[in-house]
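Only one structure is covered here, and it is reproduced in the block below.
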Amino acid sequence: MTTRTTRIFSGVKPTGHLTLGNYLGAIRQWVESDQHRAEALFCVVDLHALTVDHDPARVRRLSRQTATLFLAAGLDPELCTLFVQSHVDEHTRLSYLLECTATDGEMRRMIQYKEKSVRERSTGGSVRLSLLTYPALMAADILAYGADEVPVGDDQAQHVELTRDLAVRFNQRYGHTFTVPRAVLPEVASRVMDLQDPTSKMGKSHAETSGIVYLLDEPEVVRKKIMRAVTDSGSDVVYDREAHPGVANLLELLASCTGDKPAVLAEQYSSYGALKRDTAEAVVELLRPVQARHAELCADPGTVDAVLRTGAERARALARPTVDAAYRAIGLLPAA
Ligand code: TRP
């Protein structure tokens, strides 16, 4: 791998099947741009999947599937580093030091913690301590690699902001150790919204799935979901996110498949039916090669294993010096 100046880190939690939202909002950007222009690491962050009630077999299955889909989508292990978080001990080593840098109040202020802990308690569940400390582990993911840029959805911006605060504080207290990263948010048009609820993001962990297109959905299922997408009353095809979010979402979806502008596409349609049919076909065609490659890789699990093994070795070699430096800086006695 050649030395590139910008370093990028991003991660996906194996808590659900990857969606069209993950692909168009993140992974496609990694494939088409990030892995070429920067030294990029993409990680299946499996430890983060343990912060809420989980099924061990499902986490294991989704971790492999997520890694396989990264490859199927076009991430190239010759260009970037693909790995599974739990294969590299540096993440948890550093996480503890960052728990010793962050405050209890800071962690409790995280919006995601507040929302998820309220939800867990309201259904009679208990809240795992790791749900509270999770941002320290996420900060460790990023800081261990000296990442400059962190491509994330806007729901993660607060966690990256905290990561910056922790990096600055650690550097001030113990001497310069960490690069201070910044979040890179996707453009509005690459945010895919739920087909049944076009004002909320198409997320992989939602319980109601009829508005979510998964990367591995069969073509017939993709067509059905898109044909049933919620549109607005009226029948004029206009691009207006505020007044007509359902139609705007379809136009943006079609636009991100064809490379056209949503407003230009709007002028070409006079009915919702035709817009839905074309959007469905465009999405089916977009997913076809990814699904074909996924099937090939599933038939050849040794390839995925080898990629993840090499990825973990490379990640370890990158993270080790920074994490060791942090151990020394914070006052831990080096092993003789
Ligand atoms: N918290 C992120 C999410 O829920 C996943 C994540 C974990 C991550 N560690 C990260 C993203 C580091 C970017 C960088 O989506």
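Each Cβ is built from the backbone N, Cα and C atoms, and glycine gets one as well.
Within the listed segments 171-175, 201-205, 256-260, 301-305, TrEMBL records motif ''KMSKS' region' for the stretch 201-205. In TrEMBL, the ATP site is described by Lys13, Pro14, Thr15, Gly21, Asn22, Gly153, Asp154, Asp155, Lys201, Met202, Gly203, Lys204, Ser205, and among Val192, Val213 the residue recorded at this site is Val192. Close contacts with ligand 1, defined as a Cβ under 6 Å from any of its atoms, occur at none of the binding-site residues Asn22, Asp154, Val192. Spanning the listed ATP site, residues Lys13, Pro14, Thr15, Gly21, Asn22, Gly153, Asp154, Asp155, Val192, Lys201, Met202, Gly203, Lys204, Ser205 have a farthest Cα to Cα distance of 19 Å. Counting other Cβ atoms within 10 Å of each Cβ, the lowest count among the binding-site residues Thr15, Asn22 belongs to Thr15. Sequence-distant contacts of Lys204 (ATP binding site), defined by Cβ-Cβ distance under 8 angstroms and a gap of at least six in the same chain, are Thr15, Gly16, His17, Leu18, Thr19, Gly21, Asn22, Ile212, Tyr214.
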